[in-house]
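Copied over from Swiss-Prot, here are the features:
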SIGNAL    1-19  signal peptide
DISULFID  38-54  disulfide bond
DISULFID  45-71  disulfide bond
DISULFID  50-63  disulfide bond
């Protein structure tokens, strides 16, 4: 292979690696901004949303625990 072909292959590999890293970072930023509805309800201290948005069991219990430990008038 000539030098130009080798350089082109190296450039393609580096470009695809950077594109993959950018896509992963973008995906994690979007997930961090949206979060799940149960978590958002807890952060916003909406007890009724814990009942309507969270599934039975651990999710709902965690939502209530967050509210009771961090949100007025419980604090």
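Even glycines carry a Cβ here, placed using N, Cα and C.
Positions of the features from Swiss-Prot, shown on the structure.
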residue: 38; record: disulfide bond; Cβ within 10 Å: 19
residue: 45; record: disulfide bond; Cβ within 10 Å: 17
residue: 50; record: disulfide bond; Cβ within 10 Å: 21
residue: 54; record: disulfide bond; Cβ within 10 Å: 21
residue: 63; record: disulfide bond; Cβ within 10 Å: 25
residue: 71; record: disulfide bond; Cβ within 10 Å: 15
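For the pair residue 54 (disulfide bond) and residue 71 (disulfide bond), the Cα-Cα distance reads 18 Å.
According to its DSSP assignment, residue 45 (disulfide bond) is coil. Here the C-alpha separation of residue 63 (disulfide bond) and residue 38 (disulfide bond) works out to 7 Å.
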